[in-house]
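Heads up, the thing below is written out as structure tokens.
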Amino acid sequence: MGGKRDEDDEAYGKPVKYDPSFRGPIKNRSCTDVICCVLFLLFILGYIVVGIVAWVYGDPRQVLYPRNSTGAYCGMGENKDKPYLLYFNIFSCILSSNIISVAENGLQCPTPQTVITSLQQELCPSFLLPSAPALGRCFPWTNVTPPVLPGITNGTTIEQGISGLIDSLNARDISVKIFEDFAQSWYWILVALGVALVLSLLFILLLRLVAGPLVLVLILGVLGVLAYAIYYCWEEYRVLRDKGASISQLGFTTNLSAYRSVQETWLAALIVLAVLEAILLLVLIFLRQRIRIAIALLKEASKAVGHMMSTMFYPLVTFVLLLICIAYWAMTALYLATSGQPQYVLWASNVSSPGCENVPINTSCNPMAQPVNSSCPGLMCVFQGYSSTGLVQRSLFNLQIYGVLGLFWTLNWVLALGQCVLAGAFASFYWAFHKPQDIPTFPLFSAFIRTLRYHTGSLAFGALILTLVQIARVILEYIDHKLRGVQNPVARCIMCCFKCCLWCLEKFIKFLNRNAYIMIAIYGKNFCVSAKNAFMLLMRNIVRVVVLDKVTDLLLFFGKLLVVGGVGVLSFFFFSGRIQGLGKDFESPHLNYYWLPIMTSILGAYVIASGFFSVFGMCVDTLFLCFLEDLERNDGSLDRPYYMSKSLLKILGKKNEVPPGNKKRKK
């Protein structure tokens with residue numbers, strides 16, 4: 001066994017040696033990954049330049065405000081008092097083809113000829129319908145009977161078209177109702193989010209008391225669910241066996257639900273579940289010691305959070321930084337998309353009509369001027385798109401790609417910053433020999449300043465690696481979307497394999513980066529060295545890693561389920577009016593859609609719980625790495641005492657020597 005252990009040490013590196021000067025996160029450190037830091041800062045500078053260029057050449061009014069036929073904005077400038085756009089022929093927005101042909105069918109109207117000429121030239125609308133504004137545009141009411149127009153023999157088609165258009169525009173009425181619901185229920189939604197915050201915080205803080213029983217209950221619950229599933233499969237198998245329902249009678253079929261009626265399906269499920277139940281029981285028996293260590297680390301993490309409550313609210317900083325990154329990218333992309341000047345071309349409803357033979361269709365025109373050939377019916381100057389001339393317009397695609405790369409890189413860097421800062425704070429807790437006396441003052445703030453000052457480049461390095469993988473996944477998803485119509489099973493299989501491989505690679509890089517940032521926060525080394533040391537340390541303790549990871553995942557999943565489920569149930573009973581007798585001040589508001597504040601409360605509770613538990617998960621991972629290093633560095637002697645808690649020492653069967661004359665020495 002000793003020779004085998006030596007071989008493992010050589011394969012995954014040698015254990016960390018004792019360093020008498022080490023007392024937690026290194027304070028005397030230097031900048032790491034300087035080249036990557038410079039590249040990242042230059043990239044950010046270029047990202048700012050792209051934003052400035054977009055702001056100078058872009059005009060978001062082109063998508064925020066409607067334009068009339070002359071190209072002028074509605075509700076701005078000379079049209080300040082005219083905020084709504086009126087369509088001359090609303091049916092052109094409804095029907096797939098232009099069903100109004102004045103030249104072919106003639107417009108039978110008992111009005112002077114001059115008016116008919118104006119209608120033919122579309123200088124004024126041929127009919128008017130009572131309408132209401134939506135998104136700055138006038139659309140007809142649903143209860144309006146459409147007029148009988150020449151060339152339109154099917155009035156039902158028009159009614160259906162208007163009805164379909166109005167159905168798509170009913171979002172405006174829905175949006176008003178949604179706004180009213182939020183206006184009446186926002187206070188109670190905040191109360192629900194406050195309940196979620198308190199539940200999340202209490203769950204984490206109480207883990208020091210109930211982590212052991214809670215993990216035991218969860219494990220027994222999983223065993224119980226598997227046992228019931230085995231029983232259910234046996235009952236189904238027994239019934240079908242007595243009936244003689246066999247797969248040989250069914251044969252092969254693509255209807256998968258048909259296999260539920262054969263005994264072999266339930267027998268296979270019974271065997272699989274029984275094997276899982278046996279494996280889980282064996283794991284509990286042989287790994288019970290490591291499960292106890294995992295529980296002790298969870299309790300220690302709860303204590304660490306209790307001593308540094310400011311860490312629980314650091315996700316707010318991360319959220320604000322992420323919001324800034326997303327908002328900057330969105331505004332830059334919007335301005336870039338509207339950086340060209342609008343282009344107009346001549347268009348006619350029917351180019352084969354008399355008088356349109358010599359009209360240069362699809363040539364540029366000025367919407368402020370009248371068409372040269374006024375004898376062509378339906379001739380008008382319509383918007384085509386934005387100009388692609390000029391350096392900015394020709395480089396628009398490249399600038400948008402630069403913006404997407406900037407979005408991914410900055411988002412990943414912000415997340416890396418949060419992980420490294422929290423790791424530095426929690427590491428200072430673990431390596432404080434006398435807790436809480438030796439915990440540094442303002443550990444979170446100190447870790448934040450230390451990380452920004454020395455390790456911006458290392459965070460940028462790790463974030464860039466992850467960004468490249470994510471960009472590759474996005475490109476692969478785009479290619480898969482374009483090839484979705486290709487019915488080639490081999491190509492689909494290859495694409496699925498590529499996507500699966502990139503997904504696994506992204507998960508591995510996230511895992512490696514997370515532990516690398518912990519080592520950076522503790523020792524202040526560059527990214528590559530930190531990632532290597534973290535990986536080797538974890539591989540030397542791979543069984544403990546797996547056990548702790550699964551126990552933590554199970555516990556945090558239950559915590560999220562408890563918080564989100566509790567808030568969801570309370571919100572449902574309150575907003576649906578099922579809770580009575582709370583008094584006038586606590587009556588549920590009258591809502592159009594009572595499910596809306598319920599879903600908002602559930603979503604908000606999930607976000608809050610995820611933020612709190614992400615901090616707790618980072619705390620567990622940090623303390624775990626420190627615990628592994630503590631085992632390798634120290635031996636419990638007077639010169640090399642363990643820094644772990646007494647509960648961990650007891651579980652491992654270890655203890656620190658007590659100096660003579662100090663029999664009550666504390667950890």
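Any Cβ shown, glycine's included, is placed from N, Cα and C.
Summarising the annotation, TrEMBL assigns transmembrane segment to 34-57, 186-207, 214-234, 266-287, 313-337, 413-433, 454-476, 516-539, 551-575, 595-628.
Two recorded stretches are said to be in contact when at least 3 C-beta pairs lie under 8 angstroms, sequence spacing 6 or more; the transmembrane segment (595-628) and the transmembrane segment (516-539) meet this definition.
Within the chain carrying the transmembrane segment (214-234), a Cβ under 8 angstroms from the stretch's Cβ atoms is held by residues 207, 266-267, 269-270, 273-274, 276-277, 280-281, 284, 291, 294-295, 298, 551, 554-555, 558, all 6 or more beyond its ends. The stretch with the most CB contacts under 8 Å to the transmembrane segment (551-575), chosen from 34-57, 186-207, 413-433, 454-476, 516-539, is 186-207. Stretch with the most C-beta contacts under 8 angstroms to the transmembrane segment (516-539), considering only 313-337, 413-433, 454-476: 413-433. Long-range neighbours of the transmembrane segment (454-476) within the same chain, counting only residues 6 or more positions beyond its ends whose Cβ lies under 8 Å from a Cβ of the stretch, are 29-41, 404-405, 408-409, 412-413, 415-417, 420, 495, 498-499, 502-503, 505-506, 509-510, 513, 516-517, 520-521, 524, 526-527, 530-531.
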